[in-house]
Amino acid sequence: MTQSLTLRRPDDWHLHLRDGDMLRAVLPHTANHFARAIIMPNLVPPVVTGADAAAYRERIMAALPEGSDFEPLMTLYLTEDTDPEDLAAAHASGLVKAVKLYPAGATTNSASGVSDFSKVAKVFEKMAEIGLPLCTHGEVTDSDVDIFDREAVFIDRVLDPIRKDHPALRVIMEHITTKDAADYVRSADQNLAATITTHHLVINRNHILAGGIKPHYYCLPVAKRETHRLALRAAATSGDSRFFLGTDSAPHTDANKLLPCGCAGCFTAPNTMSILAEVFEQEGKLDQLEAFASLNGPAYYGLPANEDQITLIRETPSFPAQIDTPDGPVTVFDPDMPLHWRVA
Ligand code: NCD
Ligand code: ZN
């Protein structure tokens, strides 16, 4: 039995760090294991301009633990007023690595997202021209579309038309939750990839809804039925370079999760690597963990893989049930299974 596993240091291609006290509380948990992360721009107000991204980056750097070499990869929040020239300048300076599309109202702090996609066509043209990738929150928001169908409908109604209009646009479907999305990614011969979260490899919708409602398993896109979870595990562990890790670690205080209308998001930064090792071992694919967590992401973003390494050892890890923040406790994602790997 393999007792230790050494990988190139992983990156997280979809991460929520928030701001202020919450940023300072959660950032060390990511910087501990990950070299880089794509930082989501859904602050209040959102990170819209190059200047916003530069200022947010400074706040992240200031919040890093002493001696950490973690590198935040900044994104811009796409609005119907996004200026293609501002975005191009932020990309040319090396500051911004992707642009994030939230359909208006799709998830936490997405009110300034896009409703009329014709208004962002010029932005997509510019992004295709300069090679700046588009990250999508792939759910329609129409109230007449069932929440469990919103990702599949997004592919047909929104994403496929965008990709046909802008074939040179590089797209990352973020936090995919369905077999439909995994199949759609495989059907594309270029310019399409997907991130998969830790929690969607572990939970299906029963975890949220069966035997009592479990707010800590509620995230968006919401976990789907078991067939979809199995399709995601197959994609993540396949070695296919179009699939890579984006944890979507999304901290909310327990006070904000445990409400009649609670927030969406799972906080997985502390235990993601232990959980992934467990999942990949269950699938008999420990040898593919490095591709998923450390190689495929940088390759798609056109960045070098990290030179340094981390080692996982076969020992029972221990994680706190919650971390304390000045805003109140944040519950750490419970994978509901024993874990056998810890980061050395
Ligand atoms: C994210 C958040 O809390 O910012 N929540 C989530 O459930 N994933 C937003 C998002 O990525 O959808
Ligand atoms: Zn997210």
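Counting begins at 1 with the first residue displayed.
Placed from the backbone N, Cα and C atoms, the Cβ positions cover glycine too.
Zn(2+) 2 binds His137, His175 as TrEMBL records it, and from the list Lys100, Lys119, Lys122, Lys126 the residue named for this site is Lys100. Together with His14, His16, Lys100, TrEMBL lists one candidate of Asp183, Asp189, Asp240, Asp248 for binding Zn(2+) 1, that being Asp248. Per TrEMBL, the candidate among Ala53, Ala54, Ala55, Ala264 that belongs to the substrate site alongside His16, Leu17, Arg18, Asn42, His137, Leu220, His252 is Ala264. A 10 Å radius around the C-alpha of Asp248 (active site) takes in these binding-site residues out of His14, Arg18, Lys100, His137, His175, Ala264, in sequence order: His14, His175.
Neighbours of His16 (Zn(2+) 1 binding site) among the binding-site residues Asn42, His137, His175, Leu220, Ala264, defined as a Cα within 10 Å of its Cα, are Asn42. Across the binding-site residues listed here (Arg18, Lys100), the residue whose Cβ sits among the most other Cβ atoms within 10 Å is Lys100. In this structure, of the binding-site residues Leu17, Leu220, the smallest number of CB atoms within 10 A of the CB marks Leu220. Checked against ligand 2, the recorded positions Arg18, Asn42, Asp248, Ala264 give Asp248 in sequence order as having a Cβ less than 6 Å away from one of its atoms.
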